[in-house]
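Here the structure comes first, spelled out in structure tokens, and everything after it is commentary.
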């Protein structure tokens, strides 16, 4: 079985390393070896152990009938989309680690794969090494999925874990994460929740069978979370996690990415540092959780190689996943109900006037009061919050 | 796609319920419905919604060419083995929830399935609703698995969780678990670790590709754990869990089922009550964990139905899993190294004489001393323990 890698960066070279290191066991499990024939990259890699594999034109790979499985680890929507489309149309199956490509073009590429009787898979695009995609599409196939909650961004989980542990403020921890390489120079995609948003859109598409437009998902990041918020959380016995959630409502889902207050009896409370986890509730299965390294070259490459084995086992047939191009109309996120923790400079009498039954979370800080609301819809909360005024911060309970 | 269920007990009737409740989404994911045509059971079920499906002779199912997928939920090795073998030989794929059958006859049934170009799968046999089997055989296929640690028996995990929470002794909690239906009248298979032993044997067979004889795995249960052991554990910041472990040693594995002291920074510490989890370390993936309901009619049935969808998707081809009948020679479990917590009536001077550098875990109890050893092999520990004498209990650190 001849294979090709498009894009020899961190993940792509990780894939080559996994194929080299574990060639024996892969051959035993598959019944034949996975032989790397091409690596597509515009750069030169003199002295690389796979030096003879490098090509600069994707068409060389597309036209070689011997290659049945292609890996895309270039990142970004273009030219990845053009190259992947060409491979599928040339009768090759493709796996990608590229969440931008999958969130934007997943349903379209799935259709092209089906029409060409090949497969398009993307285990590494969500949750890094955690096999959440195959769990949803090939294991929990007897369940209606009622809720998914994902800690699916290692950068923000690392930052929040450290803010909690050291009592530090956001800017300080961001600078540290950047210096360690855990956060990018422009951290926007991670810290504002855009990365998590694309991932929960993909997961929701898979469980609903329809296509979720990630632009429609209300998304808040962690950049407004402060050391004081963590002090309040701790005083209540909670932590703060950036959670991407999807909840079944009637025939559709409602999605949201936001920081949530979580407590120790909830398994996701214990997901620390750069680790990721996806909690899934099925109507028959009940609660389950899948935990592991959400990023990193080798864990991600491990997921890509797992996909390659799957593709090699199904080289002559399209495996239905059930992700159509039909748009999923998400339920109104303003109708979701939560309990909220609120910090405000408003007077206690005004708080009780606007929110009626509240519990107080008192840190004895000057000029502010922390309180917990009853459960209410986003819509109602936003109205009462505006009427109260003096809001310093507000965080939902998970 | 016509299907049959053999054995209409708790799990079998759960499978029928999942097929009924979730028929729409199963049809959407598979592209065709799973239609229940036969239920094999010697008993009568008058008024059952599937009354017209019941048969008493398995040969009726075997000879019906329309049936392509058969579920075995009878339990026990015979007559389950005879029936499953007949179905595979008649060209039908089979899924079972029966761990006794899989631990005893798995490799043999796998070979029969291969020879008949059908599939034999058993997601529900280990970890109930947790999709650990497909994770190992279809997801982590690019990894050498270096270690697996499973909390895979709900009865004992429920009992240990309650002993910890309420400070109760073993007998009291066992009686309560029996009255609630969480433990059987004869609880031996659960509390002595035999159930966990079969499960780790199956998992080790799958990752090694060879056949593990569960009789060779050193197995200790929880029946000797006391409220005082938990007091010591708590004083050290630990809990006690029954863990089935498998660790790679050279080209093979060493397996063990025993109570272990675990701490909060280890994810399995947080697996409470009847929940199960399997922690898996791959040489590329690193740490991962799979958590969910390890038992119960509907979670287990959910895993069976997931298998049915897999079988229906692969009705015309045998999917290689790589579990041969060749015996895996396990590594010598006496060479495994641990730190041990020991309670003894021996004098402190004798403890220091036999074990040299120890730490003390003092509860100020009369007539006993608790101490923690350095890391050493089982072999060495057993020698020193015998020389010391007066041993009240000894528990390994995870």
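Easy rule for this one: first residue shown is 1, then count along the chain.
For all residues, glycine too, the Cβ spot is worked out from N, Cα and C.
TrEMBL lists B:6, B:7, B:8, B:9, B:10, B:11, B:12, B:13 with the feature NADP(+) binding site. Other C-beta atoms found within 10 angstroms of the C-beta of residue B:10 (NADP(+) binding site) number 16, with every protein chain shown included. Reduced to three states, the DSSP call for residue B:10 (NADP(+) binding site) is helix.
Summarising the annotation, TrEMBL assigns domain 'Aspartate/homoserine dehydrogenase NAD-binding' to B:7-123.
Marked as NADPH binding site by TrEMBL: B:99. All protein chains included, residue B:99 (NADPH binding site) registers 22 other Cβ atoms within 10 Å of its own Cβ. In the three-state DSSP classification, residue B:99 (NADPH binding site) falls within a helix.
The domain 'Homoserine dehydrogenase catalytic' feature in TrEMBL is assigned to B:131-309.
Marked as L-homoserine binding site by TrEMBL: B:184. Within the same chain, residues at least six positions away from residue B:184 (L-homoserine binding site) with a Cβ under 8 Å of its Cβ are B:155, B:178, B:190.
If you look up TrEMBL, you'll see B:199 marked as active site, proton donor. For the recorded site, residue B:199 (active site, proton donor), the DSSP three-state label reads helix. In sequence order, B:99, B:103, B:125, B:126, B:127, B:150, B:152, B:153, B:244 are the residues near residue B:199 (active site, proton donor), counting only same-chain partners six or more apart with C-beta under 8 A.
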Residues satisfying Cβ distance under 8 Å from residue B:7 (NADP(+) binding site), sequence separation of at least 6: B:40, B:41, B:72, B:73, B:74, B:75, B:80
Proximal but sequence-remote residues of the same chain as residue B:13 (NADP(+) binding site) (Cβ under 8 Å, at least 6 apart): B:297
Nonlocal neighbours by CB distance (under 8 Å) for residue B:11 (NADP(+) binding site), same chain, sequence gap 6 or more: B:73, B:97, B:124, B:297, B:300, B:301, B:304
Among B:9, B:12, the most crowded of the binding-site residues [Cβ within 10 Å]: B:12
Sorted by sequence, non-B:6, B:7, B:8, B:9, B:10, B:11, B:12, B:13 residues with Cβ within 8 Å of centre, NADP(+): B:5, B:14, B:15, B:41, B:73, B:74
Spatial neighbours, same chain, of residue B:8 (NADP(+) binding site) - Cβ under 8 Å, 6+ residues apart: B:16, B:39, B:40, B:41, B:43, B:45, B:54, B:73
